[in-house]
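As recorded in Swiss-Prot:
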MOD_RES   A2  N-acetylalanine
LIPID     C46  S-palmitoyl cysteine
LIPID     C53  S-palmitoyl cysteine
MOD_RES   Y67  phosphotyrosine
MOD_RES   C106  cysteine sulfinic acid (-SO2H)
LIPID     C106  S-palmitoyl cysteine
ACT_SITE  C106  active site, nucleophile
ACT_SITE  H126  active site
MOD_RES   K148  N6-acetyllysine
MOD_RES   K182  N6-succinyllysine
Amino acid sequence: MASKRALVILAKGAEEMETVIPVDVMRRAGIKVTVAGLAGKDPVQCSRDVMICPDTSLEDAKTQGPYDVVVLPGGNLGAQNLSESPMVKEILKEQESRKGLIAAICAGPTALLAHEVGFGCKVTTHPLAKDKMMNGSHYSYSESRVEKDGLILTSRGPGTSFEFALAIVEALVGKDMANQVKAPLVLKD
């Protein structure tokens, strides 16, 4: 069976943990992860001034699709940049139309709202993004740490990054693999 593939879209201002933890956990599960820089291949300054080097540009990564999951990290500025990008809109709309998984964390789900993706789904966000996300009543809201409704998977923030990542792994390659990856991480139950 061919390896599952993930696209993580990295925008300036992304939250570091919400980017790196899902990438790491998915790679541990054997998922081929591409970290694509929204603005190109140059290192990206994240929300806490950590620089992350993308594998490629989003423009180049788009030509390598489709992906089994598209992941949107949070961070206020990062989510705003994702929300304002026509290319992100195109990728999300294609992913939705082909019934591929879309995963977004923290403020990242606000990009779904901006691009009119996943309307009707139950979602969660960082508590400070809830009002923005619920503007227009396009979604129902959950206080769950991770919420999966059909092919839309959302989570709350940096502290839920491992749960978010493991939920992606479970959705793509199964609960057994998620448990195998989780065990050596020494996470609190």
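Our numbering is plain: 1 for the first residue shown, then up by one each step along the chain.
Note that Cβ sites are derived from N, Cα and C of the backbone, with glycine treated the same way.
Annotated features taken from Swiss-Prot, shown on the structure.
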residue : record                         : DSSP (3 states)
C46     : S-palmitoyl cysteine           : coil
C53     : S-palmitoyl cysteine           : coil
Y67     : phosphotyrosine                : coil
C106    : cysteine sulfinic acid (-SO2H) : coil
H126    : active site                    : coil
K148    : N6-acetyllysine                : strand
K182    : N6-succinyllysine              : helix
Check your understanding: Cα distance, K148 (N6-acetyllysine) to C46 (S-palmitoyl cysteine), nearest Å?
Key -> 26
Practice item. Check the Cα-Cα distances from the residue listed as 'N6-succinyllysine' to the recorded positions C53, C106, H126, K148 and tell me which is shortest. Key: K148
Study note, to complete from the structure: For the residue listed as 'active site', the nonlocal same-chain Cβ neighbours (under 8 Å, six or more residues apart) come out as G74, C106, A107, R156, G157
Check your understanding: Using Cα coordinates, what distance in whole Å links Y67 (phosphotyrosine) and C53 (S-palmitoyl cysteine)?
Key -> 20
Practice item. For the residue listed as 'N6-acetyllysine' and C53 (S-palmitoyl cysteine), determine the Cα separation and express it in whole Å. Key: 29
Revision key, fill the gap. For the recorded positions C46, C53, C106, the largest set of other C-beta atoms within 10 Å encircles the C-beta of C106
